[in-house]
Amino acid sequence: MTKFVFVTGGVVSSLGKGIASASLAAILESRGLKVTLIKLDPYINVDPGTMSPFQHGEVFVTDDGAETDLDLGHYERFIETRMNRANNFTTGKIYQSVLEKERRGDYLGKTVQVIPHVTNEIQEFIQRGAGMGTPVAVDVAIVEIGGTVGDIESLPFLEAVRQMSLRMGANNSTFVHLTYLPWIATAGELKTKPTQHTVQKLREIGIQADALLCRADRRIPGEERAKISLFTNVPEWGVISMWDVDIIYKVPRMLHEQGLDGLICDKLRLNTRPTNLQRWDDLVYATEHPQGAVTVAMVGKYVDLSDSYKSVNEALRHAGMRNHVRVQIDHVDSETIDSADAAARLARYDAILVPGGFGQRGVEGKIATARYAREHKLPYLGICLGMQVATIEYARHVAGLANANSTEFDPATPHPVIALITEWQDADGSIQQRDQDSNLGGTMRLGAQSSDVLAGTLAHRIYGDVVTERHRHRYEANVNYLEPLRKAGLVIAALTQREQLTEIVELPQSMHPWFIGVQFHPEFKSTPWNGHPLFNSFIAAAKARHQARHEGPA
């Protein structure tokens, strides 16, 4: 039978429930348990696909094409289990499902209410995410409830998991509550009162935490832990200190050394092998002992919030570990770059990356960036929109297609080298159609799709014959312009197996040492253990350029 760990949060948001949940999952996985994670988001959006990155951070895409919370990226980077659309759902998704059932008459004329209909639906979604009753059922499902205890939006989720825990029995579920202890500099002490109040709020709705993860900017002394235990009815060994660390991969060791996994296994009566976190220790050591450094300019439009590019940032760091260098990432606002000052802004970097994005703002700065990288032989990786701007730049300045553009930015362009594809086939074989007036939510090419890679290319050296990567985009390279671009020297290095859509473009090695644009999002499949072959190669090229410029090791 699947056991459940419910993770809640209090006092303030952004305490790191996702990292804490993923770290606990990693520890339990090291004990030989099959683990998954489920994220419950209290907002009314059906999914985060149409939300601004400035509000929500990046949208993480799964193999099956779900647009999900960025915490699922943490989950996949910390454990072996791959996420899918069942691992993340929102209030909007729940209400959508309930209303569809009501319209079908599934409730047999009853008055549809939050209790029991909405709370029952939440429980069904949780069980589905854990694979209960199926061959893919897991030993432990860690359920992270978004938001903060006390928020009205989270109440149906908290009530649902309270009911679920009661029904399952004491040894089949447990509650872990993440809280915050502020340091008051003028008083010179940590304050426990907010933690006391948030646990009290949790108890008011019928939930007693079995463990408290106490976030602070420093270790919590034993005296404060004893005080918290007394006022929250949590045993002192269940009051876990979670202080700020410089590397998130230190968190599993931190939690294990304070006995969190032992407490969970005892509560759930799980007999496991001993914990082995050696690979996490090795990972931290590799991170802390690089043999050099490279600096990468990430030129985008959402640079004011680094979480907008969370997976890209992590993929670059993973590749740094594989190449034994520390990767310094400078986020550069593309609106601040034009052709006249590109050299002044970009010359000092070892490599340039242009990530995905939507909308016209900052696009000309990205095009200028791609041109500078091409003309100055600076390693360039363009992801999604980054591939499209590289294609536009090449069309304008090499292929002689004046004013070439994407119809996303200029519907009247004389040379729409990037355009909206109106019909395509999903991973499940179903035909999808869209146009300029289609709904924005859920209408993109999404999820994992396979492409054939052209032999003899840089992409082939990196990937081999076939590449399978995740997608999230609405516009494509226009097939009508592929031949003129090829004749001008642009290499179309990979095409989708079904629709023959452009997936990878690159410059020939005779023209540029490392210049690749990809329509997909490779960052979603990078892990700290292996990195990702494309990012690994990109950082290797950055390292080689750094060594050539400085005539010594990076």
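All positions are counted from 1 along the displayed chain.
Glycine is treated like the rest: Cβ placed from N, Cα and C.
Annotated active site per Swiss-Prot: HIS521 (among others), in sequence order. All protein chains shown were included, and the count of other CB atoms within 10 Å of the CB of HIS521 (active site) stands at 23. According to DSSP, HIS521 (active site) is assigned to coil rather than to any helix or strand.
Around the Cβ of GLU523 (active site), a 10 Å sphere holds 29 further Cβ atoms from the protein chains shown. The active site annotation in Swiss-Prot covers GLU523 (among others).
Here Swiss-Prot flags SER13, LYS191, THR192, LYS193, PRO194, THR195, GLN196, LYS227 as UTP binding site. Counting every protein chain shown, 29 other Cβ atoms lie within 10 Å of the Cβ of THR195 (UTP binding site). Under DSSP, THR195 (UTP binding site) is assigned to a helix (H, G or I) in the three-state scheme.
Taken from Swiss-Prot, the feature CTP binding site applies to SER13, ASP151, ILE152, GLU153, LYS191, THR192, LYS193, PRO194, THR195, GLN196, LYS227. Contacts of SER13 (UTP binding site) defined by a Cβ separation under 8 A and a same-chain sequence distance of 6+ are given as GLY147, THR148, in order along the sequence.
Annotation source Swiss-Prot lists ATP binding site at SER14, LEU15, GLY16, LYS17, GLY18, ILE19, ASP71. The Cβ of LEU15 (ATP binding site) lies under 8 Å from the Cβ of GLY9, LEU178, THR179, TYR180, ARG215, each on the same chain and at least six residues away in sequence.
Within 10 Å of the C-beta of GLU408 (L-glutamine binding site) there are 20 other C-beta atoms, taking all protein chains into account. According to Swiss-Prot, the feature L-glutamine binding site maps to GLY357, LEU385, GLY386, MET387, GLN388, GLU408, ARG474, an assignment based on sequence analysis.
If you look up Swiss-Prot, you'll see 295-548 marked as domain 'Glutamine amidotransferase type-1', on the strength of sequence analysis.
Per-residue confidence over the region 'Amidoligase domain' (1-270) averages out at a pLDDT of 95. The feature region 'Amidoligase domain' is assigned by Swiss-Prot to 1-270, with sequence analysis given as support.
Within 8 A of the CB centroid of the ATP site residues SER14, LEU15, GLY16, LYS17, GLY18, ILE19, ASP71, the other residues of that chain are GLY9, ALA20, SER21, HIS74, LEU178. For the binding-site residues listed here (GLY18, PRO194, GLY357, GLY386), the lowest count of other CB atoms within 10 A around the CB belongs to PRO194. Here the candidates are the binding-site residues SER14, ILE19, GLN388, and by Cα distance the one nearest PRO194 (UTP binding site) turns out to be SER14. Comparing the binding-site residues LYS17, LYS191, LYS193, LYS227, ARG474 by how many other C-beta atoms lie within 10 angstroms of each C-beta, the top residue is LYS17. A sphere of 10 angstroms centred on the C-beta of LEU385 (L-glutamine binding site) encloses 26 other C-beta atoms. Among the listed binding-site residues, namely SER14, THR192, GLN196, GLN388, the Cβ with the most fellow Cβ atoms inside 10 Å is that of GLN388.
DSSP assigns GLY386 (L-glutamine binding site) to a helix. With SER14, LEU15, GLY16, LYS17, GLY18, ILE19, ASP71 listed as the residues that bind ATP, the site has a largest C-alpha separation of 12 Å.
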